[in-house]
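Step one of this worksheet: look at the structure below.
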């Protein structure tokens, strides 16, 4: 039996404490990584980010001067040097594996050495309000397309094409799913509980949305009504338009929820309406931070008809910056919770110093 290191003992104690507590709703921990080859310009660039719910808490960039996993949330800064050493070691090992895999995959697809190619990877786990394991996932993509994913049973794989079937056979022979399942159901959950406790003032808060409606004339016959929700957390929110009480799903323009840059989120939904019929339309807002859903209606006497191009442009620019920062990893992420997957990396079975991202050390394709 392996000797339990102090760090592991602390982790288990914090996990036991977490089981006596409850949180509102489910929570998740996810890691995303992206490797981009740069033929003729050195080693591939590797970026990894970790999220608890909608909050980024760690980041690594192989082009950064520090060459270390770095904190991105105040509550993670309390972790000691051993934690950061292990996280850095793990993420660098993953970068090295990706360098090898880029060459292997290029061979699988019979591609030349001239072009740039991309590997993307996502894995993580969810816990319920009682802190117990709900689900785990892992997905891999190559050049922006699905490659292989762990199935919901955490015991089998789905390969996207013939090349991915080669990887599937390798991983099945190595019992990779079993090792990954042990990580997802064990270490991943334990660290997520620890993070939720240490960062509870941030991670378990609810900021209700600030809402308003704007009116944008298109012509003498039509106008756009845009329903805004700003400054809310967590990111999950529902905006719906109704006309005379009937949902207008097909006619609604809805943008993705976007980070505001201050730890909160923004979203809007718009609908084109006949001029003079604005009062027949209502916007309905549902969010965890609201005691009950909000209903908004255009009131021309109290809300000016002013184009808000500056705000829209700012949101678009912010979205572009965020996307660039993670090299499109979040763009590839599944938008539907029932299609979740995750990225496999071999979980250590007895390494008492392993970090929360131990599975970034990937099994080669």
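Residue numbers in this text run from 1 along the chain shown.
Note that Cβ sites are derived from N, Cα and C of the backbone, with glycine treated the same way.
Annotated compositional bias 'Low complexity' per Swiss-Prot: 342-359, in sequence order.
Positions annotated as disulfide bond by Swiss-Prot: 125-188 (among others). The Cβ neighbour count for residue 188 (disulfide bond), using a 10 Å radius over every protein chain in view, is 29.
Neighbour list (residue 227 (disulfide bond), Cβ cut-off 8 Å, at least 6 residues apart, same chain): 211, 213, 239, 241, 268, 269, 270, 283, 285, 296. Feature annotation from Swiss-Prot assigns disulfide bond to 227-283 (among others); the stated evidence is sequence analysis.
The phosphotyrosine feature in Swiss-Prot is assigned to 344; the stated evidence is similarity to another entry.
The region 'Alpha-2' annotation in Swiss-Prot covers 115-206.
Sequence annotations record features per position, and here Swiss-Prot assigns region 'Connecting peptide' to 299-308.
Per Swiss-Prot, region 'Disordered' is recorded for 338-365.
The signal peptide feature in Swiss-Prot is assigned to 1-24; the stated evidence is similarity to another entry.
For the topological domain 'Extracellular' (25-308), the model's average pLDDT works out to 95. According to Swiss-Prot, the feature topological domain 'Extracellular' maps to 25-308, an assignment based on sequence analysis.
As annotated by Swiss-Prot, topological domain 'Cytoplasmic' applies to 333-365, with the evidence given as sequence analysis.
Per Swiss-Prot, transmembrane segment is recorded for 309-332.
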For residue 188 (disulfide bond), what is the secondary structure state per DSSP, taken as helix, strand or coil?
helix
